[in-house]
C-alpha cells in the first residue's frame, strides 16, 4: 500500500510541472455555454445541441477550457449518453466527428469517456458509416494562438477527425472521485495558465490519470 501511495505522489508531482503547457494551442478564456459547446454548437445535429450545453460543474475545469473538458469522462459520459439517447444513425456519427475534431484541434487528441457510453453511441449509430470529413459546414475558429511545438492542429474548415473514441475508466467510486477533485484543485493552484491546456495538464488529464492510479489504492 505504501509503495502504491508513493507512485501516486510521484505521478501527481510530475503533472503539476508547467514547463510544457505552452506547447498546446490556446483558446478564449470565456464561453457562452462552455468551451466544448461554443465552437461546434452551430454545426452539430439538432438532436445533439442541448447535450453539449451540460453544466461543467462536475469537473475541475474552467467552463471555457475545451481541452480539459475533452478528457473529463464524468462530463463527457453525460454528453455522450445524451447524444446516444437523442440521436440515431448519421446524426450520431456527425456528432462524433465534430466532437473528436474539436478535441484534436485543441491538442487533447481524444474525447475521453467511459467505454459503456462509447458502446451506447455505436449502438445508436445503427450501422451508419463513420464520418471522416464534412465539407459543407464549418465550425467556429476556436484556437486563438498556436503552441510553441508542432502540435497537430485541425483548421476550422474541418480536417479528418480522430477515428473512433478513446475509452475511459468507467468504474469511479466515491473515494477515487474525492481524490481526483481535491488533487486536481490543488494542482491547478500551482500553475498560472497561459493556455487552455495548462489547466488540462494540471487538472484535466491529470485528474484522469490520478483516477486510474487512485483505483489501485481502494
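Note that Cβ sites are derived from N, Cα and C of the backbone, with glycine treated the same way.
Whatever TrEMBL says is automated annotation, not expert-curated.
What TrEMBL records for this protein:
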{"type": "BINDING", "residues": "65", "note": "heme binding site"}
{"type": "DISULFID", "residues": "47-87", "note": "disulfide bond"}
{"type": "DISULFID", "residues": "51-82", "note": "disulfide bond"}
{"type": "DISULFID", "residues": "61-68", "note": "disulfide bond"}
{"type": "DISULFID", "residues": "70-103", "note": "disulfide bond"}
{"type": "DOMAIN", "residues": "19-128", "note": "domain 'CFEM'"}
{"type": "SIGNAL", "residues": "1-18", "note": "signal peptide"}
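Minimal Cβ crowding within 10 Å, among the disulfide-bonded residues 51, 70, 103, is found at 51.
Considering only the recorded positions 61, 65, 68, 70, 103, residue 51 (disulfide bond) has 70 as its nearest partner by CA-CA distance. A Cα-Cα distance of 20 Å separates residue 70 (disulfide bond) from residue 47 (disulfide bond). Once Cβ contacts within 10 Å are tallied over all protein chains shown, the disulfide-bonded residues 82, 87 are led by 87. Nearest neighbour of residue 61 (disulfide bond) by Cα distance, taken over the disulfide-bonded residues 47, 82, 103: 103. Comparing the disulfide-bonded residues 47, 61, 68 on other C-beta atoms within 10 angstroms of each C-beta gives the minimum for 47. When the Cα of residue 65 (heme binding site) is compared against those of the disulfide-bonded residues 47, 82, 87, 103, the shortest separation belongs to 103. Restricting the average to the domain 'CFEM' (19-128) gives a pLDDT of 91. Closest to residue 68 (disulfide bond) by Cα-Cα distance, out of the disulfide-bonded residues 47, 82, 87, 103, is 103. When the alpha carbons of residue 82 (disulfide bond) and residue 47 (disulfide bond) are compared, the span between them is 9 angstrom. Under the three-state DSSP scheme, residue 70 (disulfide bond) falls in the helix class. Cα separation, residue 87 (disulfide bond) to residue 103 (disulfide bond), rounded: 20 Å.
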